[in-house]
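The structure under discussion appears below in the form of structure tokens.
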Amino acid sequence: MRNIMSKKISLFILILTISVLAQIYAVPLIFGVILCFAPILYLASIRVFGFRFAFLLTICMSLLTHFLQIGNSFVFISILEVLIIGVFYSKKGKDLFTWSFAYSIILFILYFMVELLFPEVFASMKILTNFMILQVITATLFSALVADMLCDYLPLISKLKSWFPAPNQLYFGQVISHILIFSAVFPLLIIILVNARAMENDIYQEYYLQYQQLEERLQRKIAEMDSNDIQNYELDADLEKAKIKSILDEFIGTSNKRILIMDQEKQIWLDTNNQNESSSNLDMEAGFVKEVHPHGFIWLPSNHQTLSDWYQGYYIGETAFLNKTTLLIIPISSSVLALATNLTDYLLFALFVLFIALVFGMLVNRILSNSLSHLTQMTTDLPGKMKRQETFYWKDTPIDEFSKLGQNIENVANELQQMFADAKKKNDLLTARTNQLKESESKLYRLAHFDTLTDLPNRYSFHIDLTEMLEEQAKQDRFSIVFIDLDKFKQVNDTLGHSGGDLLLKLFAKRLKRFERGKPITFYRLAGDEFVAIVELTTEEEVQRLCKQLLEAIMQPLMINQTEITLTVSIGISFYPENGKTLDALLHHADSLMYKEKKRHHDLEDLTYGEEND
């Protein structure tokens with residue numbers, strides 16, 4: 001548990017460090033507008049690590065960047081951003097880009113209400129505030145789109161898959177809508193950035209042009225001055241100073257430009273500003289200075305370089321008028337406002353394009369998803385549907401290729417269904433015929449191997465079984481065969497008729513089957529009243545004992561047509577291999593012994609009959 005917690009803390013610190021570094025090394029674009037990748041990171045954290053993780057990460061990142069004076073107070077809006085988007089995503093799911101739209105609407109409503117309730121707060125900087133709000137909304141939407149795409153597509157890379165939780169299922173329409181939105185908005189943002197850079201360069205070029213005009217005017221004034229004028233100038237004569245100021249005032253006209261001429265002690269020698277505001281006290285070391293040409297630079301009151309700092313900044317061009325330094329000071333507020341106005345229009349257009357792209361993306365997603373979903377439903381359990389003879393129907397879609405594909409699938413499915421139906425009929429017919437053949441084969445097998453009257457194995461089965469036993473006697477196991485013949489069966493036929501004789505044979509066979517159960521003996525009917533048995537016992541004593549049990553079972557009285565009959569049989573036994581090693585030899589030996597036994601029974605009956613007559 002501690003290891004898991006320590007890993008989470010280490011991961012949090014790592015991502016927090018990366019977020020702060022992303023804020024520190026944000027790419028400055030123009031007039032306080034920066035390109036920062038931190039929003040992509042903490043928005044992606046909502047999907048990867050959950051809302052709580054991302055919310056805590058954003059709070060810590062905002063506090064650190066603020067207290068380290070990396071960003072400005074505007075950075076705290078990211079907390080509201082993660083709070084709203086994170087709550088919506090954790091409760092409703094879907095994606096970050098959708099809820100970034102909801103956040104943008106909420107932010108716009110809040111700004112509109114504050115502006116409505118406190119108009120004096122935004123009166124002086126309404127244009128800048130409008131631009132900053134649009135900038136935040138655009139950055140949020142684009143960051144959410146990129147974060148969604150990273151979370152959707154990075155897990156598809158096998159080496160990065162373990163870094164992400166179970167990714168959401170991607171849909172074809174979703175991929176197409178991502179491509180559509182990104183391809184519509186990203187080039188537009190690049191165009192806006194390029195145009196903004198061009199406008200910024202135009203502003204700097206305008207400042208440089210005014211600097212050159214001032215320099216030319218000063219050089220022309222120097223050329224017009226004679227030695228007395230130069231001497232009066234060096235002696236700080238008021239008349240000469242007034243002449244120079246008149247020339248500079250004429251150069252400035254009604255603009256808000258200001259020109260300072262500084263003496264060798266860096267004190268103001270001449271100031272075109274009648275209110276004598278000390279622009280010469282601009283703290284170059286405390287503020288931010290950006291060089292725009294070799295003798296001109298932009299000064300900002302703060303190193304943060306926010307849009308507000310740029311609004312309060314100045315262009316300062318430095319030249320020389322004889323032995324004194326001359327500064328051309330131009331407030332850049334009007335240029336910043338003009339640029340912000342143009343960029344506001346650009347961003348509004350970009351948001352409009354983004355909205356249109358989103359609508360078209362949702363429409364394309366819906367059309368593609370519905371079409372593919374219908375195709376999926378149509379082809380799901382295709383074999384089962386064909387077996388159930390379900391009807392295949394394709395509903396046309398606005399996309400011609402999908403309609404043709406669906407129609408082709410419908411035609412193929414119906415053709416296959418008909419083929420399946422025909423094949424099923426043929427298969428059923430073939431199965432029925434196969435069953436008939438199996439049944440006929442079974443009947444033929446029984447006819448060939450079993451006696452139809454007694455249901456005992458017949459002579460053919462006896463020959464097959466005994467032949468197999470003789471072939472398998474490599475192990476030299478002993479066995480025997482017992483030849484059995486019913487005594488006086490002809491008298492039974494004469495007395496009870498052939499039907500009575502057949503019934504006697506059936507009852508005799510049933511008695512043999514009952515005796516056979518659980519014993520090493522198998523009975524066969526050879527013909528008429530002749531039966532034979534294979535006994536798988538190795539000693540003669542065991543065989544004799546089994547035959548004695550058999551005779552006892554046979555001699556039990558039985559009833560045939562209400563007549564009690566006591567059966568007697570004559571048996572002959574032959575042993576393998578003593579009495580023969582072939583089927584004929586074994587059978588002949590057993591048959592001979594059986595006939596001897598039958599003759600003995602006949603002689604015994606004749607003797608008994610003679611004694612009774614005497």
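Indices start at 1 and increase along the chain as displayed.
The backbone N, Cα and C atoms fix where each Cβ goes, glycine too.
Heads up, TrEMBL stuff is auto-annotated, nobody curated it.
The transmembrane segment annotation in TrEMBL covers 12-43 (among others).
Annotated transmembrane segment per TrEMBL: 49-67 (among others), in sequence order.
Residues annotated as transmembrane segment in TrEMBL: 74-90 (among others). For the transmembrane segment (74-90), the residues of the chain that approach it from at least six positions outside its boundaries are 23, 38-39, 42-43, 46-47, 50-51, 54-55, 58-59, 61-62, 65-66, 96, 99-100, 102-103, 106-107, 132, 136, 140, 144, 306, judged by C-beta separation under 8 angstroms.
Packing against the transmembrane segment (96-118) from elsewhere in the chain are residues 43-44, 46-47, 77, 80-81, 84-85, 88-89, 126, 129, 133, 136-137, 140-141, 143-145, 147-148, 151, 181, 358: each is 6 or more residues past its ends and has a CB under 8 Å from a CB in it. According to TrEMBL, the transmembrane segment annotation covers 96-118 (among others).
Annotation source TrEMBL lists transmembrane segment at 130-150 (among others).
Annotated transmembrane segment per TrEMBL: 170-194 (among others), in sequence order. Within the chain, the transmembrane segment (170-194) has long-range Cβ neighbours (under 8 A, six or more residues past its boundaries) at 29, 97, 138, 142, 145, 148-149, 152, 343, 346-347, 349-350, 353-354, 356-358, 360-362, 364-369, 372.
The annotation coiled coil is assigned in TrEMBL to 204-250.
What TrEMBL records for 321-340 (among others) is transmembrane segment.
Taken from TrEMBL, the feature transmembrane segment covers 346-368 (among others).
Summarising the annotation, TrEMBL assigns domain 'GGDEF' to 477-612.
Long-range Cβ contacts of the transmembrane segment (12-43) within its own chain (Cβ-Cβ under 8 Å, at least 6 residues beyond either end) map to 49, 53-54, 56-58, 60-61, 64-65, 68, 70-71, 75, 78, 81-82, 85, 96, 100, 135, 139-140, 143-144, 146-147, 150, 193, 196-197, 199-200, 305-310, 336, 339-340, 343.
On the 0 to 100 pLDDT scale, the domain 'GGDEF' (477-612) averages 84 in this prediction.
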